[in-house]
Amino acid sequence: MGFLRYSVVYTSTQEKIKNIRKPWVKAIIGIDLMIGWILFYNIGNIERIHNYFWSHTGGIARYLDAIISWIVSNPGGLKLNGPVNTTLSTFFGYHIYLWTAFVNLLQSEMFTRLIICSFSFGLSYMSAVVCDFAKIITLHFYCFDSYASRLWNLSYIVIQDLWALTRGKKWNPLRKRIDNVTLDSREQFLSTSLFVILLFILPTVLVYFVVFRTLRYCVSVIDISLSLLARWPLVFTKLVIKRD
């Protein structure tokens, strides 16, 4: 059950139970429940909300496809490596297809009704449910960033080592220092060739890394905002106590 510590619903509920006896907490939780009930009774047509939400969720996949197509078209006059660019765009495009298939499995009114019914437990509880659901929906952003960052780190480390090798240097992991190394003509040619090849590939990898890291940060801002909204009763209580 260790995965529960990643659930905002679980952690925020545990915090409320732990702090329920503190001053102001019961009153603020009561206000939170009241706001939730008001929103619940004024939510409107569930089917319309369901269609609106999933149409915009599908728009995210189209937006990602557009971003990858934009990268393939060498944006801003960048001369990216063609074969590497095509390979990476195909790789990420296939993962977008898999994510779209996964999202299609979730397109059930049951999830929409679950989120709307969570209003009856308060605004903070609804925010926690939405936050957990958003983490599932946006999981691919974190996967894309993980793929791109690992590829970037690997490329950067290898280029560093090859650059040192072309200058007759080598990192000694046992003594944790840089030692001199003598290469014959074939080894020198091979290390120099690999260094030049990776150097030309690096800008393409960097573009994918920057794009997906930026998207991950945008998603993280949304997750943090929803997490704060899920914990607003306790945060507000702490502010009131400090002011008193």
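Residue 1 is the first one shown; counting continues down the chain.
Placement of Cβ uses the backbone N, Cα and C atoms for every residue, glycine included.
Listed features, source TrEMBL:
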type     : residues : note
TRANSMEM : 24-44    : transmembrane segment
TRANSMEM : 88-107   : transmembrane segment
TRANSMEM : 114-139  : transmembrane segment
TRANSMEM : 189-211  : transmembrane segment
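Sequence-remote contacts of a segment are chain residues at least 6 beyond its ends whose Cβ falls under 8 Å from one of its Cβ atoms, and for the transmembrane segment (114-139) they are 6-9, 12-13, 29, 32-33, 35-37, 39-40, 43, 46, 49, 57, 99, 103, 106, 219, 222-223, 226-227, 229-233. Same-chain residues lying 6 or more positions outside the transmembrane segment (88-107) and placing a CB less than 8 Å from one of its CB atoms are 54, 57-58, 61, 64-65, 68-69, 71-72, 136-137, 139-140, 143-144, 147, 204-205, 208.
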